[in-house]
Structure formats: structure tokens, C-alpha cells
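K.L.:
Take a look at this one; I'll ask things after.
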Amino acid sequence: MTDYGEEQRNELEALESIYPDSFTVLSESPPSFTITVTSEAGENDETVQTTLKFTYSEKYPDETPLYEIFSQENLEDNDVSDILKLLALQAEENLGMVMIFTLVTAVQEKLNEIVDQIKTRREEEKKQKEKEAEEAEKKLFHGTPVTIENFLSWKAKFDAELLEIKKKRMKEEEQAGKNKLSGKQLFETDHNLDTSDIQFLEDAGNNVEVDESLFQEMDDLELEDGEDDPDYNPVAPGSDSSD
């Protein structure tokens, strides 16, 4: 007759020595415990993790143990579902033998596989973004292929813009023509400027101030005086002189 209690106690002792940092006893009757399983580090030291809870049934290992995912980190819902299916399959295959180590090892491998899938998915997303950016750059460089439809659309827009430019230019030329002075207007403008200058001088009268410093060196200038020149001839050469 199988002593299920002894087999369970022996396995618990083995599990505690194998997983000293992740094994936790929850209760002794019925025997219940958790084991935390962590994947190997992936890209950027990212990991996925789950804590498995096991409870021995009365006739374990001839009956499968009760199991559940007690907690998890960085796992999607479909990952959790896959792990539970894996546990069910492994439990059936190992029925009649102590199996907790086998179940935990299978989950460990599954977590490593999930990390690899995450890495692959991110690499594919990165490549897809690079491809989209490259295609956008090519489209920008080569431009949009010309079709009858987009050419007619462009032509209509171009003609409308050209018409607006012509209207603006005509308006500016018309305005410039209105502001252009005739010959008579230019003459009257010049005459008015002369009159205003004369009026300014008359209004200033004796109030006009002269800066004498401008003339302070005039005495030092050697002005040529014809009478002081012994060779001076008041009659210009070539002119007719009469007594």
C-alpha cells in the first residue's frame, strides 16, 4: 500500500532545497505551497514571471495535484492560458510519479520561450516601422505618379493661383497709375517747394543762427588776389582791349 503522506513529505523537502529563495509553504494540511518561476533575462534585462500554487490531493501522486497561477508579471492573458494548458498536459503524462519539479521545469522553459517571442515581436515591429519610413521617404523623393485625374486637379489649382496673381498685379499697376504725377503736377510741386523755401527764410528773419566756428579758419586760407600778383592781367588772354 502506497504511503502518500511520506511521498509528499519527501518531495516537499526536495523542493525546498531546490528552490530555497522561491519556495513558500502556505499550509500543512492539506499540504499547499507556492514556487515562483522567473524567465531568463531578455532584451533590456526584461523578464516574465509567475508564481505557481500547488495543493496536494489526498492520493497524490496517483492523482494530479491542484494547481493555479497565484500571480504573474509581464504575461498576457493568452500566455497565462498557455501555461495552464501546459500544466494540465504535464500532470496527465506524469501521473503516478512525484511531478512538481517536472511541472515547474516545463513552466520555466515556457517563460523563456515567451521572452524570446517578445524579443522577436519587437524586432519585427522595429523592422516594419523602418520599412514604412523608407517607403514614405521614397514616395517623398520620387513624388506621386502623374495620372490624368491628379494632373487635371493640379492644373485647375495652378490656373486659379495664376489668375489671382494677375489680378493682384493689375490692381497694383492701376493704383500706381493713379498716383503718377503729370508734367504739370510735377512743375507745380517744384514751384511750391521753392515758395516754401523762400517763405521759410522770410519767417526766420533775424533769428537765423550762424555757427561762426565754421568760419574761424577762413583768415588762414591763402586766397589768391589778382592785384597782388605782379603778372596779373585783368584782361583775359584773347579778349579785345580798348583804351
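Here the Cβ of each residue, glycine as well, is placed from N, Cα and C on the backbone.
The shown structure was predicted, so the numbers you read here are calculated from the model rather than taken from an experiment.
According to Swiss-Prot:
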COMPBIAS  209-231  compositional bias 'Acidic residues'
DOMAIN    10-114  domain 'RWD'
MOD_RES   T2  N-acetylthreonine
MOD_RES   T144  phosphothreonine
REGION    142-197  region 'Interaction with DRG2'
REGION    208-243  region 'Disordered'
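Give me the local environment of each listed feature.
P.N.:
Reduced to three states, the DSSP call for T2 (N-acetylthreonine) is coil.
Confidence annotation: the region 'Interaction with DRG2' (142-197) carries a mean pLDDT of 74 in the model.
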K.L.:
For T2 (N-acetylthreonine), list the number of other Cβ atoms lying within 10 Å of its Cβ atom.
P.N.:
10
K.L.:
List the helix, strand and coil residue totals of the domain 'RWD' (10-114) as derived from DSSP.
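P.N.:
Computed counts for the domain 'RWD' (10-114) are 44 helix, 29 strand, 32 coil.
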